[in-house]
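Annotated features in TrEMBL:
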COMPBIAS  38-49  compositional bias 'Basic and acidic residues'
DOMAIN    109-199  domain 'PPIase FKBP-type'
REGION    22-80  region 'Disordered'
REPEAT    277-310  repeat 'TPR'
REPEAT    311-344  repeat 'TPR'
TRANSMEM  399-419  transmembrane segment
Amino acid sequence: MQQLMKSVPNCTTFRLNMDIEKSSSSSFEDLTNADDTNDIRGTHAHVNESETSEADSAAVQSSSNSEDNAKQQEDDIDDEMECDILGNKQLIKRIIKKAPANAKRPNRGDLVTITYTGKLEDGTVVEKEERFQCHVGDFEVVQGLDMVLPMMHVGEVAQVSIDQRFGYGTIGLKTENPPETVIPPNANLIYELELVDVQYEDFADLKSFDVLRKYGARKKERANYFYKRVEYNNAIHLYRRALDYLDNRDGDPDAEFGKEDLELSNSDLQSLLEDRLIVYNNLAMAQIKIGAYDAALQSVEHVLRCQPNNPKALYRKGRVLEGKNDTQGAIKLLQKVATLEPDNRSVQSDLARLFIKARRDEHNEKEMYQKMLGQAKKMEQKTNVRQKAPLVDNSKLKLIGFLMGTILIGVAGVAIYRYKY
C-alpha cells in the first residue's frame, strides 16, 4: 500500500514535468490543450446541469400532472354529485347520499313518499315534511321539487337549490289565520330532499271509495291554493285531476264489459257526485278567468244537468254568456239567481252593471242604425240628383232645337216673299 502511495506522486511529478516541457517548447500547443481541457470540462458541467434541470423539470411536471389529475378527478366527482338541471343555475341538484344499486326511479303520476326540509338562503327553516305522499307531476309540492323527483332514486338524499321562479315566485307564501308571511317574495330556497318510496298505483289500488275521495279532495284543495294565487292554469290542471278520482268509473281496461264501474253504495255515490259538482263549478270559474268560455260552458252544463237550479252554476253560466257578448242571456240567468238568492249582493251588483251595459249597447246600436239610415238617405238623394240631371239637359236641347227651327222657318218665309215680289 505504501509503495502504491509512493508511486502516485511520482506519476504526478512526471506529468507536471511533461506539461512544463510542452509549455516551454510550444505555447500554441499549450493553449490548444488548455482550451480543449476547458471545453471538455465545460461540456461535462453543462451536460450535468442539463440532466439535473431536465430531471427537476420532469419531477415538477409529474407532480403538476398528478395535481391536475387529482383536480380533474375531484371535478368529475363534483360533476357526478352536482347537476345544473336547466343549465342556467336556477335549479341545481347535488347528491348528498347516493341511492343503493338498482333502486327504483319514479315516473310521472307515481305516488312517492318524501321527506324534505326547506330553508331560506340565511338558513331559516320555512318548510318541513316527514314521509309526505304526493303524485309526481301534480304540483302538490313546490315546482322545483316536482321537477327534480323524476331524477332521483329511492333512498337518495339530495340538496336542491331552487330559484324563486320555481319556488313561490313574486308572491311568496303567507298563512291565512293569522295572516303572516312565511316565505318572502322573490326568495330563493334550499331543500334537503329524501326519496323514501315509490309506488305505481294499479287500477286495483284505486277501487276504494276512501282512496278516491281522499285523492280527489287533495287535488281540489291544491287547485284552490293555486286559484287564490292567480295561477289559473295550474288550478285547472288540478281540478281536472280531481275529477279523474271523483268518479265511480275506474277505467280498468281488463274489467269485463258492463262491469267496469265500482260497486259503491248509494250514499258513497252521492258523496262523490256532490264533490264532483263542486269541482266542476270551480273549474268553470278558473276557465272564465283565462277567457276559455266554451270550456267553461261545458263545465257548468255538467252541473246544470244534475242540478238545474244550482245558483253557482247559473251565475257562472251568466258570466260565460256575458263573455260571449250575450248580455240579454246573461241578464236572464242572473235574474234567476237573484230569485234563488235574494240576499246575494254581488248578484244584484252584477245585474245592475249588466242593465247599464245593455242600455249602452242599445244606444250604440240605435246610433249605428241611424248612421246606416242616414248614409242610405244620402245615397238615395245623390241617385235622384243624378237621374234628374239628364232630364234638364234634354229640355234645354229641345228648346234650342225649337228656336233654331223657328228661325229657319222665318228666314225661309222672308226669302220666298222677296222672290215673289
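Even glycines carry a Cβ here, placed using N, Cα and C.
TrEMBL annotations: computationally assigned, not manually curated.
Here the repeat 'TPR' (311-344) has long-range neighbours at 277, 280-281, 284-285, 288, 291, 293, 296-297, 299-301, 303-304, 350-351, 354-355, 357-358, 361, meaning same-chain residues at least 6 beyond its ends whose C-beta is under 8 angstroms from one of its own. Counting residue by residue with DSSP, the repeat 'TPR' (311-344) contains 27 helix, 0 strand, 7 coil. Listed by sequence, the residues of this chain that lie at least six past the ends of the repeat 'TPR' (277-310) yet keep a Cβ under 8 A from its Cβ atoms are 216, 220, 223-224, 227, 232-233, 235-236, 239-240, 242-243, 246, 316-317, 319-320, 323-324, 340. In the predicted model, residues of the repeat 'TPR' (277-310) average a pLDDT of 96.
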